[in-house]
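Undergrad: Have a look at this one before I ask anything.
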Amino acid sequence: MRRPWTDFILVGLFSQSQHPSLLCVAIFVVFLMALSGNALLILLIHSNVQLHTPMYFFISQLSLVDMMYISITVPKVLLDQMLDVSTISVPECGIQMFLYVTLGGSEHFLLAAMAYDRYMAICHPLRYPMLMNHRVCLLLVSGCWFLGSVDGFMLTSITMTFPFCKSRKIHHFFCEVPAVMKLSCSDTSLYETLMYLCCVLMLLIPVTVISVSYSCILLIIHRMNSAEGRRKALATCSSHMMVVMLFYGAAVYNYMLPSSYHTPQKDMVVSVFYTILTPVLNPLIYSFRNKDVTGALRKMLSVEPFFRETVK
């Protein structure tokens, strides 16, 4: 049957794989792990009063972003493979692109907000409860979502208005901006420059906040007399820095390196890393390396209270 001209064709992850069924199962397992891990982390944070702090509020928001992030790409990839379909309509492509860019932008600023929170907690501990109250945290998170949505609206609206008169094949497994732009038959050099500047700004502001925050934190840690306090501060900050390096490294590759560094295969590998694997790694990093979270998990899984009630 002839495909309607309005559809794009996603080349996908499985076209180059020698074992597509095995890859499909692996991605499905990773998808379930990401959803369950992040959902469990959100549940622990909201059900345990000891975790009702600004740091864990931001972590719960990060988990929410990761759950949405992986859900806008992986279900379609798996469903298309099962149904042997590879098309996506222009409206669906635009919606997927908008959500993807919005969530990515929001996560950039959210990581910066988390770094600022750690700076306030370690460098200004006495004023921390007042400076980082619930209202301030809500304003910071709202600002992250707003800036991410502005970025998504700008990039998506401009990208999807270009005329696509070349091949309809998108050499990717979802509608990412650079991959879709390659299909345009008009000159996109000016837009690519503007997109580069926009991405520099979107990365520069959070990276500056993160760098300044952790520079101040390292100075304070260096001056600490307590070995226990130094160890706890380093453990908390190292978890966050691991997530920052994973996410920002992939973003720099995708949106800031010249096109000569890119190939469709490399782009898909990098995209798999930060759209599928990163949402799985984040809850593992913030749970196994955190005594408060592991303690809350043990408390939730404990069966002692049930037996005590039974005995009574």
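Cβ from N, Cα, C; glycine included.
Found this in TrEMBL, in case it helps:
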type	residues	note
DOMAIN	37-286	domain 'G-protein coupled receptors family 1 profile'
TRANSMEM	20-44	transmembrane segment
TRANSMEM	56-74	transmembrane segment
TRANSMEM	94-116	transmembrane segment
TRANSMEM	136-158	transmembrane segment
TRANSMEM	194-221	transmembrane segment
TRANSMEM	233-256	transmembrane segment
TRANSMEM	268-288	transmembrane segment
Undergrad: Top stretch among 94-116, 136-158, 194-221 for CB pairs under 8 A with the transmembrane segment (56-74)?
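TA: Between the candidates 94-116, 136-158, 194-221, the best contact partner of the transmembrane segment (56-74) is 94-116.
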Undergrad: Can you tell me which of 20-44, 94-116, 136-158 gets the most C-beta pairs within less than 8 Å of the transmembrane segment (194-221)?
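TA: If we count Cβ pairs closer than 8 Å to the transmembrane segment (194-221), 94-116 scores highest.
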Undergrad: Taking only the residues in the domain 'G-protein coupled receptors family 1 profile' (37-286), give me the average pLDDT of this model.
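TA: 84, rounded to a whole number.
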